[in-house]
Amino acid sequence: MDEMVILAIETSCDETSIAIFKNGKILANIISSQIKEHTKYGGVVLELASRLHLKNFSYVLLEALQKANIHITELQYIAYTAKPGLIGALHIGKTIAETLSNYLEIPILPLNHLYGHIYASAIDNDFLFPLLAVLVSGGHTQLILMKKHLNFEILGSTLDDAIGECYDKVARMLDLGYPGGPVIDKLAATGTTTQYRLPLPLNDQSYNFSFSGLKSAVANLIAKEQRNTKINLYNFCATFQKTCVDIIMRKTKLAIKNFQPQMVTLVGGVSANSALRAAILNLATPNLKIVIPKLEYCTDNAAMIARLAAQELLENNIKGD
């Protein structure tokens, strides 16, 4: 990774982020979040997200270059999130990347956002293989096995809602606002799990997940409870969160048992959840290392895209001039 100078762009959803990577280190990781703009609508508004990416790009780029103390002409590669994500938001990122690539006459690397999340763990850690990635976000919930760098085998995925999406929808049912994850996590911390009961959907021997049944069960329980008494938000959130964590942990433990990884990493926006982080960290043994990215690298950010780009270049034996 010596001599590489990479500028990475992340615009898959509602964060405009630019990172600069040089000589194996992240020199800058600037994130402009749109959450406040979308909160009033109860979720991400697609057209608004695209317009805000376009509006915010210039100052995010300038701040990244200044923080990294890099002149734009020193850049050697442009990397960007190409998929998956919101089509309009992705298109803005692609257009910006192509414009910079053409202007500077340097190569461009379109990359996978989900694999970027996995490589967020490689920013501060060396991978051990086989590696099991537990990917939990607003749009995806997957177990991914890696036997070597850039080798991704999807063991299982959600069959319907992602865990982050389920959190947001349950928060909406409880009038807790958007985004729902941090609010539920905070309320759950002081609640107990004995007052309410929720089912564990798809509790089988597969590596797939399902959260739509849990979402429906929550809706039914809320309707039932509200007919009789006021819901105890702390206890309700504690029960919901424990159920979500149990779902993830059962499948993760099954994959660990069957594939014997040397490392497990929890990645994606929901990896910021305190209960899930604690449960995953508790899996550590002398033969199993647990790695979770720093909180700044859990949600969408360009640093993870830059780290993935560096690995792509390294595997292809491409270095800077």
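For all residues, glycine too, the Cβ spot is worked out from N, Cα and C.
Annotations in TrEMBL come from automatic prediction, not curation.
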**Candidate from D124, D126, D168, D175 that TrEMBL assigns to the same substrate site as L135, V136, S137, G138, G139, G181, D185, N273** = D168
**Nearest recorded site to G181 (substrate binding site) by CA-CA distance, among binding-site residues H113, H117, D300** = D300
**Message:** For the binding-site residues listed here (G139, G181), tell me which residue's CB has the most neighbouring CB atoms inside 10 Å.
**Reply:** G181
**Asked** If you count Cβ atoms within 10 Å of each one, which of the binding-site residues H113, H117 comes out on top?
**Response** H117
**Complete:** Mean per-residue pLDDT in the domain 'Gcp-like' (25-306) works out to 95
**Request:** Fewest other Cβ atoms within 10 Å: which of the binding-site residues S137, N273 wins that one? Let me know.
**Result:** S137
**Prompt:** For L135 (substrate binding site), which residues of its chain lie six or more apart in sequence with Cβ-Cβ distance below 8 Å?
**Reply:** L114, H117, I118, T141, Q142, L143, I144, V267, G268
**Rounded to the nearest Å - Cα separation of S137 (substrate binding site) and H113 (Fe cation binding site)** = 11
